[in-house]
């Protein structure tokens, strides 16, 4: 193993903040590092100048330049650049605060063989130079690159030695290499030599932006005002298609007839079409729905006024508590119902997306994909609670997604720094070699192998290729072996580490004997390390924690598991794999393992901190303008889900969309959905309704983000959409437009939230984003790439068609070294990461807060419900796990309420109904206080013999009937326009009371403790593993795990059951039975018990396992307590037990 050292401090990696403050030109960033070659010589590198000369003639020196214009774009990257990228993909990069950044060259990542040429540690030929065991340079297919005609096998380092110090002679045939200057031999499409630009003129990101912006198109961007209005048609108001302007064919007015005008053939064949459509709810459903809401509001107001004016003088305390609770319930219902006034449905057109971005056109003659890049983030933290097999299946579904391979990148955040996760990822990358081409060849859905092979439907339906059965059988066998390898990884890692540890102890004892010949040998204690497959220490968390190798104390790690694919399709052959892959693209997307640095004394901010580290690292390595965020247990169920989301981002006005939220769908839920795990009322009712306002809230996973929106910028044209907003702080529109005229075009849409009229001040960016020049340079590029196509005059802030068809930048070692620096624990110090930039810190529900901040700046979001579920995941079906999950959500809501993210403090840019929706998010846990009191009121009524009203008169019963009927009718209409089922609505109502009387109350108490006493809140990671009973899919449903959250619901059930028995006994024994009061109390008690029925069922465990004696004793105890209560407090008018009641 060789290592490469990046001896760069924090100041040398980035711009000095002091320099930024004094407005001095930034110091060019330098990262110096060296690597020991197989020949024993050290090669030194720097970030701006790879392999630069440091003062001795032994060091090789070459500079990589990217030409600034498409005219000078090479057809293929140089060999040396490809070799450098191959080196990067075979190296494990580590580093952090006050530590040397190193690149560990790994010839082996996993125990099994890695045979895909893109994979780290891929199998290849060995160098023929004696004493060198390095791998030979290879191309995209894994074939050896042999620079000499004699086919002498030589590795990269030995080749450099031969060129620089050996006179350019081939060590095999002793003939000089015909071509040694590999960097300047690239030839463009016209076979002309390329002039290289002078060094230091532009950064890599600036050159890339220059390449994209120089791409010309027939229709220029609308904001430039360069449209030829005589040639292009404007759309008419409210419809798509032709307006009232047409032009004659071939410049002639028809055929000489005044009445005949020939329409342009270009627009007849390809009219401008939208990518998305808004489908309104039918008026026959929506109008009665709104009318019923208004009617119920009026009835509730009249009812509450009647309740206040008609107290129960016999039990004022009972009446007072009930009225306060009812007023709060009416307020809470109003907060929940008002945002539902404008529900919408949406639809996408994938055919139009393909026509616009992947079909040959004058601006894109080859038909190469013009879609923007997407970086997919997968987060995991604990391989024990989040099984590696689940994470591996999620990664495989991402790698096989139906999106241009060269535009897709997957980043896996391992916040635990576990070698188990690392090697499971490597195994997944190895298995992707056969799984991904198999999916592409046979159009497999879903592309999660575990879900696909467990489908209960016929797998051969609609499959027509004759070799499908054979291919499926072979891939299934490979997947079974893959599962066994994943399951055996923990034992394999443990055995390997024990063996290496024993070897190290033997070495230490031998060394001690050599140093102390006559003295007695003492036992040597060596820290028990965790070892990687190549025989080196794992830089992350060890199985036996040690300093700098524990969960909260380890270096930052980046490993490129699958290097970036080639720019052109790479088709397989009939004999290079288990299955025939002729005419099947075998390329795989970029796959990167990331474990951010953790050190004691730093607040790492849980998942939000991990996501922000991925945002920075991905901006430097791939810089996709869009980010898809997935939990490790949420896989891609619809391979075209990303294309569906991209339809919204690339449509007219899509540049103002900050994210596209997909609904969460779950697998492994019990058929009855006892604890409302599907949460369909929220995902299909509330979220659709919010889509008619400013958009749905962000729910933590299954969300496609616009990168610049995460960076904290305002949406484009924010002043146009919010006239008069904070106008007192600005100087007016004229000054704005005059200042914009002198600003680079790529900065027009980049403004921070506090200064809508002020353009982006580049000198302030290091204070906001940190001192990485790579990161700062990537911001305008990501903004430009994320713009919709300027293919219509109405499209504002667009980009020219064909701008994203240029080849990607090659990945070099200095780029990954910079990525290591931005995931260091110190990087966010004195920046706005987590405050205004990226995922927002300060709440356990960082997702809701992050979405709120974007809506608060004026961005809009979209809810994308696809015909085939976009993503699927798992949810806890165990009662205790479900309650802890709800507790975490409710605790985050309480934190939001007591923070500056409270909707009361929202900016004027947020619409009123959207503000009410966010207000409800922060307030709903407080309903638990009133709900618990109200659940005890029926029991108190039965115990005391009183009721919440003086008598059950007609007025009270009429109000009660109207309120109940309107609620039921609203539910029916919601079911009608949302598509949910009545049972799902009822399950949601039941769990609302279960969660409200348990987890929500605990969340309020925890939130108050944090605000008042400063006591931090800890939450339990939701387990993604299944139950222990392998014979029962729903074994976890029947497992009873005691938690203190169960105490309030159990108490409510017991008290209400006893109160019913006491009420019956009291009424039967009374001289004058008060049946109306009994019926009122019993009715409300049954209402409470009916909602708590799933909770009671969960306490009983598995069906048939609860002994009958339990029910018998429960009944006997309830009857005994009832008789004792009547004996202690007999009915008025009698002193004997039982009153006037006598047995016959």
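A Cβ is built for glycine as well, from the same backbone N, Cα and C atoms used for every other residue.
Unlike curated entries, TrEMBL annotations are predicted automatically.
Computed from a predicted structure; not experimentally measured.
Record note: among 1-37, 38-74, 1-37 is the stretch given as region 'Disordered' by TrEMBL. TrEMBL lists transmembrane segment at one of the ranges 893-916, 917-940, 989-1012, namely 917-940. TrEMBL tags one of the stretches 864-885, 952-973 as transmembrane segment, and that stretch is 952-973. Across 283-304, 316-335, 917-940, 952-973, 1078-1096, the stretch most heavily in contact with the transmembrane segment (1050-1072), judged by Cβ pairs under 8 Å, is 1078-1096. For the transmembrane segment (316-335), the list of distant contacts is 297, 300-301, 304, 307-308, 916, 919-920, 923-924, 927, 930-931, 933-934, 937, 940-941, 944, 946-949: same-chain residues at least six beyond its ends, Cβ to Cβ under 8 Å. Just so you know, the Cβ of residue 631 (Mn(2+) binding site) picks up 24 other Cβ atoms within 10 Å once every protein chain is counted.
Here residue 607 (Mn(2+) binding site) is positioned 8 angstrom away from residue 415 (UDP-alpha-D-glucose binding site), judged by their C-alpha atoms. Ranked by CA distance from residue 631 (Mn(2+) binding site), the binding-site residues 379, 385, 386 have 379 at the top as the closest. Highlighted: of the candidate stretches 283-304, 952-973, 1078-1096, 1078-1096 has the greatest count of Cβ pairs under 8 Å to the transmembrane segment (917-940).
Residue 607 (Mn(2+) binding site) has 379 as its nearest neighbour among the binding-site residues 379, 385, 386, going by CA to CA distance.
Here the binding residues for UDP-alpha-D-glucose are 379, 385, 386, 415, 606. Their largest Cα to Cα distance works out to 16 Å. Residue with the densest Cβ environment among the binding-site residues 385, 606, 607: 607, by other Cβ atoms within 10 Å.
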